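The annotation transmembrane segment is assigned in TrEMBL to 17-36, 57-79, 99-123, 144-163, 175-194, 255-276, 288-311, 323-343, 349-367, 379-405, 411-435. Residues or ranges marked as domain 'Major facilitator superfamily (MFS) profile' by TrEMBL: 18-437. The feature region 'Disordered' is assigned by TrEMBL to 445-495. Under the heading compositional bias 'Basic and acidic residues', TrEMBL lists 445-472, 479-495.
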Amino acid sequence: PAPAEAGRAPGPPDGGWGWAVVFGAFISIGFAYAFPKGLAIFFKEIQDFFGTSYSEVAWVSSIMLATTYGAGPISSILVNRYGSRPVVMLGGLLCGVGMISAAFCTSILQLYLCVGFITGFGLALNLQPSVIIIGKYFLKRRPIANGLAMAGSPVMLCTLAPLNQFLFDNFGWRGSFLILGAILLNCCVAGALFRPIGAGTAVVKTQVTEERKDSLKGKISEDGPVEKTEEEGEKDCFEKVNHYLDFSLFKHRGFLIYLIGNVLMFLGFFAPIVFLAPYAKHTGIDEYSAAFLLSILAIVDMVARPATGVVANSRWVRPRIQYFFSFAIAFNGACHLLCPLASSYTGLVVYSSFFGLAFGMVCAMLFETLMDLVGAARFTSAVGLVTIAECCTILLGPPIGGIIIDTFGDYKYMFIKCGAVMVLAGTFLFIMNYYNYRMLAKEEKERRRKEEDPKSVRTENEGKKNWNKDSTQDGPELEPLREKGEGLKKEINGT
């Protein structure tokens, strides 16, 4: 770019190549969310092959999900340092290597390493950069773009479930893992679509920064060597980390409200999906009809996510999107509270439809509301900090639900627990967001009052001038200090 445009940050194009970026994010996000759920088809065969229990095999998906969310800060740091495109391509490569390696595993521990950690870490490098790059390409149409990208999860889930069954019937679990590893390499193609915005501007800014650093070093060398204290060294180390991961977000009121509400919500978010089919079988429904409930949920979810993006982008909902997100969470919880009333298959179909609608609404706005709170500039760090906090409750949610089922011998208490937790999280977010908006309005009103009242500003400035005048006024008590200062100047000048 021309030197005059070097300092100007490029704005979001809100279209154009951005739709190709949305398509790439659709693929990456779809694999990141749907792939751990689709692996459950192979668990029975793996359990028989290695002679392990179902709980030991189930840890494969749990470790993968926990790694995907827990590696969020690492992914954010890499995106801040290198950009979204190389990070997603590296993630796709790790996913392919992990699944291909898993095809040659000889123990369940090796599966934990290859599928759980390596593939899970690759999915983490696909998830965060895909969400972050959308915020750089879209502003006005961002809710629609996020809704379309997040629709990749139900679409991939509907596709992977029959595909995995077909692969398993024809090639077994080892051959299926080899083919799935090759399919996951398509994430590298999706990452290649993430063209960076303003690469030339970034180069110019880097050169200017380096020149400033060199000039600063020159000034320091003229004055003489400066020894760093241990405290300054620690401060520099913290500043380097904070440069890539903004810990000052923990002082941001809106971010803390969002973080607490989401950590609470994920205690009951994934457990109903895991136990929906077993609950249907428990009530006497056959296996194929029970599995079809998940298909109904995924189909409704597929339509709900882009539709929610369109509604959230409207001029009535966009300014109040935090309230809309709170309603979606509470609506999700209400569906779970009413689930025990659905004893027949028709009732479970109705529950799955409403659950798919509520689930899609929450997922479509999950990252949009966070960007609305912290802004696009700090969104990269915010995603990393949020995902590592959510990782614990995501890992603990389904096991806690299983403990409740084992304790009471009935699934309804698990659904009641999940519903109550999510209604509580939605209510908390609604009340605290109302408080946050009131405080922001009050602070803005106070700032405008100070700007519009010239008398108070003038009085404040006059007070500062009088204080400076009094502090620098000549007097007999300041005479020895002034003489001492002049003597030091003469010594420094060599006279």
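These residue numbers are counts, starting from 1, taken along the chain as shown.
Cβ coordinates are placed from backbone N, Cα and C, and glycine is handled just like the others.
TrEMBL entries are annotated by machine, without manual review.
Counting only same-chain residues 6+ beyond the ends of the transmembrane segment (255-276), those with a CB under 8 A from a CB of the stretch are 37, 65, 249, 290, 293-294, 297, 326, 329, 332-333, 336, 339, 352, 355, 359, 362, 366, 369-370, 373-374, 382, 385-386, 389-390, 392-394, 396-398, 400-402, 405, 411, 414-415, 417-422, 424-426, 428-429, 432-433, 436. Taken together, the residues in the domain 'Major facilitator superfamily (MFS) profile' (18-437) have a mean pLDDT of 81 on the 0 to 100 scale. Among 57-79, 175-194, 323-343, 57-79 has the largest number of CB pairs under 8 A with the transmembrane segment (379-405). Proximity of distant same-chain residues to the transmembrane segment (57-79), defined by a Cβ-Cβ separation under 8 Å and at least 6 residues beyond the stretch ends, is recorded for 32, 35-37, 39-40, 43, 46-47, 50, 87, 108, 111-112, 115-117, 119-121, 123-125, 127-129, 132, 244-245, 270, 380-381, 383-388, 390-391, 394-395, 398-399.
Proximity of distant same-chain residues to the transmembrane segment (288-311), defined by a Cβ-Cβ separation under 8 Å and at least 6 residues beyond the stretch ends, is recorded for 143-148, 150-151, 153-155, 157-158, 161, 273, 276-278, 280-281, 317, 324, 328, 345, 348-349, 352-353, 355-357, 359-361, 363-365, 368. Between the transmembrane segment (17-36) and the transmembrane segment (175-194) there are 3 or more Cβ pairs closer than 8 Å, counting only residues 6 or more apart in sequence, so the two stretches are in contact.
Using a Cβ-Cβ cut-off under 8 Å and counting only residues 6 or more beyond its ends in the same chain, the transmembrane segment (411-435) has close neighbours at 254, 257-258, 260-262, 264-265, 267-269, 271-272, 275, 278-279, 282, 322-323, 325-340, 400-401, 404-405.
Beyond the ends of the transmembrane segment (175-194), by six or more residues, the same chain brings 20-21, 23-25, 27-28, 31, 35, 42, 83-89, 91-93, 95-100, 102-103, 119, 122, 126, 129-130, 133, 164, 167-168 to within a C-beta distance below 8 angstroms of the stretch.
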